[in-house]
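Q: Questions regarding the structure given below will be posed in turn.
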Amino acid sequence: MRLYPFKVLLITFMLLLNACSNQVTTTENAIGEKYKSNEKAEIYLQLGVQYMQRGQRGDYDIALDRLKKALSIDPDYPDAHNAIAVLYERIGQTEYAKIHYEKAVALNPQDSDAQNNYGQFLCKQDRWAEADAAFMKALENPVYRTPEIPYINAALCASRSRNYDKAETYLRKTIEINKKFPLALYHLASLYYETKQYTNAREYLKRYLAIAKHTPQTLWLGIQIERALQDKNAEASYAMQLRSQFPDSEQTQLLNQSERQ
């Protein structure tokens, strides 16, 4: 069950949050030096994020170097700590990721994106209560532009810990915020299937399909729902679409295996 880190997607739009004009200094020379220092840190941060977004191992090495340079210039730069934490998590160095996530949220507790990222990291470590607290902290910001992201992550984390009631509550809140958020509709359909509420599962999968295209995951979910409801025609329709549209998918293999049993 995938959770959704968000800061790396938005960080290039938020680089001016730590504007140098907010620094209080006593001499003109000090102001100039501080401005140049932050400007350089931002440039290295931008470069690091750009290499991260390319997604290749060699690019990750370059990204790590650039982000380290940003932090060497400004050790208290929360955006850089957040970005390097995401990178360390991505390459499997979880201890370093933990250190930098904690630094990022300590330096700027109001950074909702950093709190969201820290929450999804904690959830992957099975630290359910701490993860939930981080997601709720992310939602405390009344002007946060994308509250559906922490809500859906909180829902997935609750589901992972088998707290299905809380997961349902969070998913419904996500849909209240954004009625056309396909991921929330899909995950609520999946949750209802897991909790054997098959009619509700069918309803929310249909709502998903009203605004988004099928994926192997949604088709396989549809097969399972209709199989549980004993609607053979609907099941066959989903199966035909899965085989024709995604013949090499893992879900098609699961379908074939299920039919041989």
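FYI, residue positions are counted from 1 along the chain as it appears here.
Just so you know, glycine gets a Cβ as well, placed from its N, Cα and C.
Pasting the feature list from TrEMBL:
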REPEAT    78-111  repeat 'TPR'
REPEAT    182-215  repeat 'TPR'
SIGNAL    1-19  signal peptide
Q: For a three-state summary based on DSSP, what are the helix, strand and coil counts in the repeat 'TPR' (78-111)?
A: 27 helix, 0 strand, 7 coil
Q: Going by DSSP, how much of the repeat 'TPR' (182-215) is helix, how much is strand and how much is coil, in residues?
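A: Per-class counts: 25 helix, 0 strand, 9 coil.
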Q: Sequence-remote contacts (6 or more beyond its ends) of the repeat 'TPR' (182-215), Cβ cut-off under 8 Å?
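A: Distant Cβ neighbours of the repeat 'TPR' (182-215) are 4, 148, 151-152, 155-156, 159, 164, 167-168, 171-172, 174-175, 221-222, 224-226, 228-229, 241, 245-246.
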Q: Could you tell me the mean pLDDT over the repeat 'TPR' (182-215), as a whole number?
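A: Averaged over the repeat 'TPR' (182-215), per-residue pLDDT gives 97.
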